[in-house]
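Here is what TrEMBL says about this protein:
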type: COMPBIAS; residues: 1521-1530; note: compositional bias 'Basic and acidic residues'
type: COMPBIAS; residues: 1551-1563; note: compositional bias 'Polar residues'
type: DOMAIN; residues: 46-115; note: domain 'Cadherin'
type: DOMAIN; residues: 116-224; note: domain 'Cadherin'
type: DOMAIN; residues: 225-332; note: domain 'Cadherin'
type: DOMAIN; residues: 333-437; note: domain 'Cadherin'
type: DOMAIN; residues: 438-547; note: domain 'Cadherin'
type: DOMAIN; residues: 555-660; note: domain 'Cadherin'
type: DOMAIN; residues: 773-898; note: domain 'Cadherin'
type: DOMAIN; residues: 922-1007; note: domain 'Cadherin'
type: DOMAIN; residues: 1008-1115; note: domain 'Cadherin'
type: DOMAIN; residues: 1124-1220; note: domain 'Cadherin'
type: DOMAIN; residues: 1221-1330; note: domain 'Cadherin'
type: DOMAIN; residues: 1338-1443; note: domain 'Cadherin'
type: REGION; residues: 1521-1563; note: region 'Disordered'
type: TRANSMEM; residues: 1463-1486; note: transmembrane segment
Amino acid sequence: MLLLFWEAGSGQVHYWVSEEAKHGTFVGRITQDLGLELEELVPRLFRVASKDRGDLLEVNLQNGILFVNSRIDREELCGPRAECSIHLEVIVDRPLQVFHVEVEVKDINDNPPVFPMAVKNLFIYESRPPGSRIPLEGASDADIGANSLLTYRLNSNEYFTLDVKRNDEEIKSLGLVLKKLLNREDTPEHHLLITAVDGGKPELTGTTQLKITVLDVNDNAPEFESTIYKVKLFENAPNGTLVVTVNASDLDEGINKDIVYSFNTDTSADTLSKFHLDPVNGYIIVKGDIDFELTKLYEIQVEATDKGNPPMADHCTVLVEILDTNDNVPELVIKSLSLPILEDAPVGTVIALISVSDLDSGANGQVTCTLTHHVPFKLVSTFKNYYSLVLDSVLDRESVANYEVVVTARDGGSPSLSAMASVSVEVADVNDNAPAFVQPEYTMFVKENNPPGCHIFTVSARDADAQENALVSYSLVERRVGERALSSYVSVHAESGKVYALQPLDHEELELLQFQVSARDAGVPPLGSNVTLQVFVLDENDNAPALLPPGPGGGPSAVSQVVARSVGAGHVVAKVRAVDADSGYNAWLSYELQPAAGGASTPFRVGLYTGEISTTRALDEADAPRQRLLVLVKDHGEPALTATATVLLSLEDSGQAPKASSRALSGASEAEAVLVNVNVYLIIAICAVSSLLVLTLLLYTALRCSAPPSEGGCGPVKPRLVCSSAVGSWSYSQERRQRVCSGEGQPKTDLMAFSPSLPPGPISGDREKQLDVETDLPAKRCVATIPAWKAGSGQLRYSVLEETKHGTFVGRIAQDLGLELVELVPRLFRVSSKGRGDLLEVNLQNGILFVNSRIDREELCGQSAECSIHLEVIVDRPLQVFHVEVEVKDINDNPPVFPGTQKILFMAESRPLDSRFPLEGASDADIGANALLTYRLSPNEYFSLEKPSDEERVKRLGLVLRRPLDREEAPEIFLVLTASDGGKPELTGTVQLLVRVLDANDNAPTFDRTLYEVKLLENVPNGTLVIKLNASDLDEGLNGNIIYSFSADILPTVKSKFYMDPITGEIMVKGYIDFEETKSYEILVEGIDKGQPPLSGHCTVMVEVEDTNDNAPVMEFKLLSLPIREDAPLGTVIALISLSDLDSSVNGQVTCRLSPHVPFRLVSTFKNYYSLVLDSSLDREKVSVYKLVVTAQDGGSPSLSTTASVSVEVADVNDNAPAFAQPEYTVFVKENNPPGCHIFTVSARDADAQENALVSYSLVERRVGERELSSYLSVHAESGKVYALQPLDREELELLQFQVSARDAGVPPLGSNVTLQVFVLDENDNAPALLPPGPSGGPSAVSQVVARSVGAGHVVAKVRAVDADSGYNAWLSYELQPAASGARSLFRVGLYTGEISTTRALDEADAPRQRLLVLVKDHGEPALTATATVLLSLEDSGQAPKASSRALSGAAEAEAVLVNVNVYLIIAICAVSSLLVLTLLLYTALRCSAPPSEGGCGPVKPRLVCSSAVGSWSYSQERRQRVCSEEGPPKTDLMAFSPSVPDSGDREDQQPATVDSPSKVSL
């Protein structure tokens, strides 16, 4: 699209149209107003565009009229903005012109007011005070101006009015105002209708229904069905027994209706321990022991408290009367015991006084008493519930020493209960029994050498009597033992009967000591008896073995004996004799032969138990003539004692000894053999025995170590004696406290001894030493018979006032009982009172009963109406009991006492009038009129006292609320409650009542202001503080704690933008604040306290958002005319640009500029509209695309800018021919290449584009020799690839030169040519060819005659060969093949010359005919060969001149040198061979590690060794051409001559012909 220029419109046209106008509505004659002709509209491409407005307006091209095309909704187009218009862009081409038309859209009243919801649910607590305002969300009207001005009205009702507030900015606040108290119990729901009317003509309305649910508050206290519950309950009712179910109801709902039952806080601990109240169901059940005897009536105060806040409560009283059951067993008290009783006491003797009682009442408390049968006692009733226990028959203490008399007391209940008491009646002893030993004789065993004073035995005699009569003393019955008195050996302890050994006993001196011990009691007169003791003295190993002399004249220490050397083995040569004074094991001796000092073997041995010394073998000459033997004699005691005997033996030869017969000798020999065998067996036995001995010792040591530690050496233990019974059989005797004592070491308890028969019987009579009188009588069931005894004739009654002084006269008790004063002391007159201590006492001088200590009736009898002290007056000789009742009279000595001096009451200020608060009354320990109480309350304006009436069985005391409480006015109220009794004088008690008024949530939170106005910059960060609100609440605690929150009617957009801290009241930003999105926010805030029910306050926060320069200009490109031809004229229009900025004022003013140094410029056509036009000529080949940067910048501070890139593409014109990178290319191709092989690629570049740059290739045809070029080569038309159509032969064609033509597809087409030089590289495809030796010789054999006289090194023949190849492939080498026999050849051949020469001088021994095979080989890969045969004839020549001696000498020297050289050559060959092998290995490794080569004809990187222009060798540049052979892998190491190639040509190989060129050159 080419536009040279265009003219902008001269101005702007304005129209207006009403919204909702019908389709086709006339708007204006737009073509006429714009100055356009109707007939040019279509040719000039007249069109109308409106940004984002669709096809709302359209132009009729027939008449040029602008009309309404589709529905126009102002609210949809512009929302609540006051101004609304449609901007039209009218565009015409040829030349291009843009006109701007504004069509204003007028508002009509087409939208009714709309509330946020058709039905709104409000929840209001019934406790809200009149005047409370509940904010509402008003209706909205999409129209503007007068059409959106709304008024509201509310349907008629008696509870609410509508409140509409308007501020200076016409912002309305709508709310409901409560004008009458709500009562949920009367009306739980209210239904209202609010109507909103706009100001349009005609007016439109909208409605919303308000459904107000009245929420319950705790304004109704629970109420019991009955204020007093009376219940009867049997005592001992099991835990869990239901007593009563209390029930209360509450008119409230929800948790305010839920009731919790509990005991009053003043309930006694005893009641709480006995009963449990279910807090939910009101069940009172038993949980403790209910005892009629402890408490006959329980008064339980029960509270029913609801779960409201504050909670409300009601009270009731439960009277639980306890019914008696027969649950108390009778109680027996035994007193005045006259024990012990002599076994010779007369019948009728009084033993004890017994009183019985029962805590139960009625028949359950009537008790009868009985005694066990078959006892010599009986019960005699003396008074009500009083009995005497007397003797009924004679006693014998030795038959029965103690009587357990069981007394049974049984009550009259059903079933009856009984109690038993045991009386242990001890019979006093009379000395009528002598001491008696268990057996007449005792046997004991004592080890000799005992320590002096060792306890050896204990004798014990039993006396059936008791106390002094059974006190036994022991003494020895003196006699003489040998020459000494018995008392010098033993003694006996007089009290314990322990027998002691006064001196060590010696078994060898005295084996048996027999004596008697006498036992006497301490009775009067004393009685006694004797017992015999046999003491056996046990042996101890205290005597060492004593050696006996061998003969009458010999000494005891040495034995001398002469022994003939001729004696045989086993011959007894001497005998050692010894004795031991001990006995048993201690006297059992054994003999051992001590080894010789030098360790030499001795030919003698000694009998273990005989002491006989005998030979172990036959004696010989080697034995020493004198033998000195040491024999150790050892007993078997513990520890063993030893003695040593010396035996001197003299060995002598005896010539007179008769020769034994052969048979005798034979017998002796056999005996000796047997003896040897026996000795072996003996040795084995000795070893076995020794092992057994060692094992036994170890076992014994282990058992000894594991045994428990024994007592002292002479202490008593429990030995087990194995004795012989009367019938002669063995048995274990009874374990006894006797012990066998030795002088030292541990006592032995496993001794086996013979003992006389021991008759069974008790060991000791100590059991009857002491008999204790039992005074505690357990309640055991018993039956007793008591003999009759004379009781008192009646009962006396006295009275005394409590708190009387000490010594106050009560009565003349001795006179009233008929007792004489003089007999009071002799008859042991005494007064006792059960549990009363010494309150009353009798003066034994005058017989007057007086007050001895303080008497407190309340302490004695508590609340019992009757109180008396029961006295028991007892006199002896004879025993009499009198019963006296002393009544204690009450006086007013106890004031009323409240449970505490101060009581704190907690009352909610919301409690209704006449609410009752129960109080715990005072208690008075007195009885009767002294305990009648009256109450009065200190004057106050809030409470009155509810006093109990005399007719009420339950004294209900409580406070009644007469005036509403207000915590804010009086948080605490102090009262004094006084209680007065009816005594004279009256006594009073007081308690302070502290009434703490608990806060009720009766004050709503109040904000400092109802409207807060705040200005806030847009784009502030999250967390920015907008405002901190503050509300106050007069309540306290939770009721005064305020939670801030947004109103439930707040818009979601406000919730997404702002966050309110519920504790501090801070409103903070939490979302993106955008002035362009919303310019102000209306936030409704509630402050709700934590009371129940919660109360709330409201306020409105108006947040005005201020604009910041946060929106960059927006740039839009339209009508782009791209691409532009490179030959386009100046002024051509490229694009139209429109700018906009969402900011306002200066922030929205935008300017536009273009990046410099481009052939374009911006031209302003209208406000914020620009055109991009061509400013200078273009050349696509220099710059094909222009990246234009257009910058739009606003006027804000700091300013914002927007950049937009426009890619202006220049369209191509075919003004450039294809061009090759260089005019000539050189290509190297191996001969014998396969047909169709790719040898090169040509590439030409065309600076034009698209079709103009599309290049095709072709050959420039010419003749090559006799053939056409196209028979050798071809070129691909599109890719430029050159192919060899047939194999090339270097020998036939070394160089092929031709041209390739390149043409583009432009109109007209343009083209150019390039020259290619193809060098054909040689391959080794020709074998060496042998040349004939002469004109007549054949090529296959060379014949030559050689004189034998030639010397070493003489050339005898020459082999000639040529190779048609070139270079290495034509470089020939010659080798002489070894002879078939392996003999060393006389000749050698030149490696590269082919000359055959001698290696030494010829001699006669050499064969006359020599046949040589010469191998001719080139250096190609693979190498090709040819073989030449050389025939040599050796002939003698007589005419040959003789060599001089010098020559011969030189030849010898030469031969020696040659030999040396050969050595060197061999060394060199070896070195070179090694180097060769190493090189081959290295090469193979490198080849194997190299990357795989490409195809045989693919491009590779050959390394060419070329000759430079100056004739020196150098490496050519690595190139992508490759020499291809017909078969086998490509060669990359060819050496060849190459023409000089200039550097510039190589650099130009970077074109498509050469893709990449390495920077390194390698061979």
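Here the Cβ of each residue, glycine as well, is placed from N, Cα and C on the backbone.
Predicted automatically and left uncurated, TrEMBL annotations should be read as such.
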Dominant neighbour of the domain 'Cadherin' (1124-1220) in 116-224, 333-437, 922-1007, 1008-1115, by Cβ pairs under 8 Å: 1008-1115
Helix, strand and coil counts within the domain 'Cadherin' (438-547) (DSSP): 7 helix, 54 strand, 49 coil
Model confidence over the domain 'Cadherin' (1338-1443) (mean pLDDT, whole number): 84
Candidates 773-898, 922-1007, 1008-1115, 1221-1330; stretch with most C-beta pairs under 8 Å toward the domain 'Cadherin' (225-332): 922-1007
The domain 'Cadherin' (333-437) and the domain 'Cadherin' (116-224) contact flag, 3+ Cβ pairs under 8 angstroms: no
Maximum Cβ pairs under 8 Å to the domain 'Cadherin' (1338-1443) - stretch from the list 116-224, 922-1007, 1221-1330: 1221-1330
Proximity of the domain 'Cadherin' (922-1007) to the domain 'Cadherin' (116-224), 3+ C-beta pairs under 8 angstroms: yes
Helix, strand and coil totals (DSSP H, G, I; E, B; other) for the domain 'Cadherin' (116-224): 4 helix, 52 strand, 53 coil
Per-state residue totals over the domain 'Cadherin' (46-115) - DSSP helix, strand, coil: 5 helix, 30 strand, 35 coil
Tally of residues which DSSP labels helix, strand or coil - the domain 'Cadherin' (1008-1115): 10 helix, 48 strand, 50 coil
